[in-house]
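Okay, structure first, notes after.
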């Protein structure tokens, strides 16, 4: 929203919109439990890949936005983007720790 309000470069706005759409699609995928129906892809690994790619894109775009700082909106968008970058990295690390590549893919509901 900050990039749109400040009329920043198209790349900044396009990246932010793209990440909102992709994150929304992953949210719907897990919410509607489509990941269980579409079992051909290991969805948590795809989610990790998305987080890492998003973090790299955000690093480049937000550093440019903070360095150039055309106006206060661009600066705010860059700072919020850097916060989002940290959240993407945390998401990737937590998901990577949670998945087991060699073990079963189902949920363990038995409590011992």
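Heads up, the Cβ atoms here are built off N, Cα and C, so glycines get one too.
Unlike curated records, TrEMBL annotations are generated automatically.
Database features (TrEMBL):
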DOMAIN    1-100  domain 'MARVEL'
TRANSMEM  13-32  transmembrane segment
TRANSMEM  44-68  transmembrane segment
TRANSMEM  74-96  transmembrane segment
Same-chain residues at least 6 beyond the ends of the transmembrane segment (44-68) whose Cβ lies under 8 Å from its Cβ atoms: 3, 8, 11-12, 15, 19, 22-23, 26, 74-75, 77-79, 81-82, 84-85, 88-89, 91-92, 95-96, 98-99
Tally of residues which DSSP labels helix, strand or coil - the domain 'MARVEL' (1-100): 83 helix, 0 strand, 17 coil
